[in-house]
């Protein structure tokens, strides 16, 4: 970006020419990559976790003597607001020295920003936003997504829960794009699978008190309370269910699959809560263990949260691409377009013609003794423990 | 709707209303003595709750596990530290701006709210995630049909009521209260009568902030969950409640608090359209009430001389 | 001098209550053209209230007000002003942040073009109007204090109390009212200043044709010197009416002031 | 003669310095440089006030208003031209300009007339949504911008009754409640895109597509944001002229009288309700027009842009600049929009720093950065 005058540039060029002789033989070219996520505000925990994970990918790559380039991460805060998102997206996209981007947890921000990436030919991969339209709502070849959409997640969730024998649901969702999207797709798949929705409550994402909704839910006596939203609200609803003596099964979405959900609710109340997350469980994959260890070793103050592994995988994908085709946006876009069967810490990645990762497997989780455990490995699957109402 | 369910809604609504009322009382006190709105009130509540939470963690760490002692410790530390914080805010942010336009105070305290919120988010260990607040009260419950009453809810309701009564007695029956009322009536006259104006303002802010901290701990005990953003909406609602009730009047604040809780509950359960509109409904009613009673339900006494 | 006898203002059984307190009780009063009426009475006897009811700040609970042959009872303040009643306030109510010129022009509202389009688009005509009114305000202010007339664009907040009083009176006079209401103009001023101020007012009266004045005042010297007639109020009720000398010697009046039996 | 020459020299130098400062401030990215520049500016301002330069400069400026206006526009054009190829700085400059327009609207409301409005972002948002909905129709887009303002004014009329009946903090709650209600409504109601937001078509003026880069020659391609910056600049100038003309007329006087003393104003025939309605409606109109162009420029809008906190940003610009002060608003808008952006380097800490900076400014300069002066009906004329 040429912010400063042309003469300044030539002056710099001149001085660089003078010092060129001093270059070490093994000095690598610098390449910039970027990260965008919500680093302030209500969902900043996830954003900071994502940023740390992306940062980790860059650090590890820079520590690798075989890497061709030295990478620099430019991380930006979208505040989870579309207008700010468009601003930072423009800033990053317009900076030609940035080759690739790992961006967006908030779908509304991603929706506003994709046009800009297309306009500036900046290849990017979404690391957390789950709204299908981010990839399917356009034909931009620059846009990719390593995580699955809420469609896959709810498809699996609806099937799984009806298979467990549950019949009736009360849905509570927040009124953001995230919660409303989940509500829409889960309702759709649940009806297909024969489940019945007794009531559907939309609540603002900053609501504290759910006793009114839950009292009404209690009267309807559903088998399951489905919550479409993020950890903070999920914690409140689970805690308040207890207050009102609601014994129904609590079912969440990917947004609550975090350790902070269990910390917030406490081990007792979180026991038996189920949720669903795209991708294979991190610790099951060969690289996953490595990620978890390295993340701990890097000494980040904050946890990586549910989507950290995706940010790590997406960043690695982009770094691999740059290593392969060089620091060139168009070539990187093409490289990403051809990704098929790429091994990552969240499982195999294959992009379809919309840049959506198709093999984003959905993993079912249940809380057992204060930990998220893959359903198949849990004592619930073996029948040793039972979900609520079974 | 059966009676048990109705009872459940009433109890829930009262709980919510009590918390709003406690926040609104603070707004009304500050406005009374200084004609200012201290918008960081909700965030002071949040900081108070975190102070209480830390006390609990600290006491557990040193091996004090008697729930009652813990509760007392949590309350004392939370209320005490917020009273000090409230007085500091009054001394260094509110009083210096006394002669500036009133909107300035509002903005400064709003910014202070942001500072408090961000500070907890960034500097409290894992502060950006919700925390599990312990149940320190007995959790026995009685069920009657669809009506469940828990012992902790009852204790909290009574506790809240006692605090409100206590504040009321303090304002109306004590020398300190007399001084606060005198300052609220007319600052100049109060000064002439030998009342230490500054001290009264600081004490009032300490009182209001202490009440907010109590409401925060109550919030934590009731919902068993606290987070850095909990004060923001609570502050806005408390402010609206104080306004709807009529600023400068404790009964107005209580009325406003319960009214707002009632509207939200009503909006969530009884509206013919989707419950997601309940806040739209509650705020629309607030606007309508203010249009109808421009100085609040219990009108503020205006003594403007022409 | 037939014109002198024309009735400008008349109260008929004017009543105003605040809760249980009767601030004005069936107040009857008449004021003729060019007359200066002194309204006296102890604190809280209803003097200022009668101004406020007359100028539409408070509504009357009973009775009527007639001004220049029109029934103006319950007219809003704006309409009363348009009809030709201007006033000052007991506690000075100038806009301290604004300049002297601004404050006087607030009083000139009805003679200025208030159209939105005129003000935004007809800048030339507006400037002309500004210059003309500036000249007029200057002239008026000069009568009170020539030095003030040179400080037309100074903020009022920087002035002394007596200057503020002068500006307040200019604000009331600039629109050529038929009736001027002066609410304790001497408050906060020395005897000398009060005397000076009253002389200025008398001078202005000569310039505005047929200006009547009602003066609320505690300073009896002033009342004695300038009023044609006095009315004494006590607990909202008229207890005496007549020339100052007669009123001052009235037994009821003395009782009211001394509070004795 | 020398006096007037000196004045002119001062103005030209000042404009040049301001342009240079703005360019540097926007261009630099390094954390240390940014802080150094801010400290430098603060020191300069402080020294200027201490040694009385500020006063004599202010006098020079007020004596030559016309020249000053021209110089500011020229300086702005220099800044714009400097960044002609750089998308992001132009986007930020246009954003600042549109915020200036919206804040002028608020200034009309509570800077002049004393009608508080804590729902500025909501009225801005009405403009945005108008552009989103009408942008795809055959209505000329320039007209859509005006319609954005008109519809914002119409939506605002819902609040007129409560706003007229209340004062001070009570009026504040009316607008706060409306702002919250507006955002929740947009999120819950799907007809306007719901929480996912809506795409907005870009500006198109007589076949000139604003969203295409301007190719001058093969090597020079100007950023498409230049289109928006120029249009925004035109709108800012129009707004500024409107605000100035209103301020320096009997209407401005009426506004001030209503703000400062309603009772006295009423006793001198000023129709309180009328002028409050005029100010409230005009203010919302301005916010709406700014919103409409903003939406076209960003190309995408969603409810979370119009939260309470965004309204507060608008209010803080007005207060920071100095109530009713137009130049102050411009300066404060630049500061409030650019500072958090500049602080991106400190990422999650930036709001903490930003809030602390705001508190310090308000504590030490409660009347705002550039307090509004006394009304000068005719520039330079003092009777």
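Just so you know, glycine gets a Cβ as well, placed from its N, Cα and C.
As recorded in TrEMBL:
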type     : residues  : note
TRANSMEM : D:9-28    : transmembrane segment
TRANSMEM : D:34-54   : transmembrane segment
TRANSMEM : D:66-83   : transmembrane segment
TRANSMEM : D:89-108  : transmembrane segment
TRANSMEM : D:115-135 : transmembrane segment
TRANSMEM : D:141-161 : transmembrane segment
TRANSMEM : D:168-186 : transmembrane segment
TRANSMEM : D:225-243 : transmembrane segment
TRANSMEM : D:277-301 : transmembrane segment
TRANSMEM : D:313-339 : transmembrane segment
TRANSMEM : D:351-370 : transmembrane segment
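Below 8 A, the CB atoms of the transmembrane segment (D:34-54) and the transmembrane segment (D:66-83) form no more than two pairs separated by six or more positions in the chain, fewer than 3 in all. Among the recorded stretches D:9-28, D:66-83, D:141-161, D:225-243, D:277-301, the one sharing the largest number of Cβ pairs closer than 8 Å with the transmembrane segment (D:115-135) is D:277-301. The stretches the transmembrane segment (D:225-243) and the transmembrane segment (D:168-186) are not in mutual contact, being linked by fewer than three Cβ pairs under 8 Å (pairs 6 or more apart in sequence). Per-stretch counts of Cβ pairs under 8 Å to the transmembrane segment (D:89-108) identify D:313-339 as the leading one among D:66-83, D:141-161, D:277-301, D:313-339. When Cβ distances are compared across the two stretches, the transmembrane segment (D:141-161) makes no contact with the transmembrane segment (D:66-83), since fewer than 3 pairs at least 6 residues apart fall below 8 angstroms.
Residues 34, 37, 41, 57, 60-61, 64, 67-68, 71-72, 74-76, 78-79, 82-83, 89, 92-93, 334, 338, 342 of the same chain lie 6+ residues outside the transmembrane segment (D:9-28) yet bring a C-beta within less than 8 angstroms of a C-beta in it.
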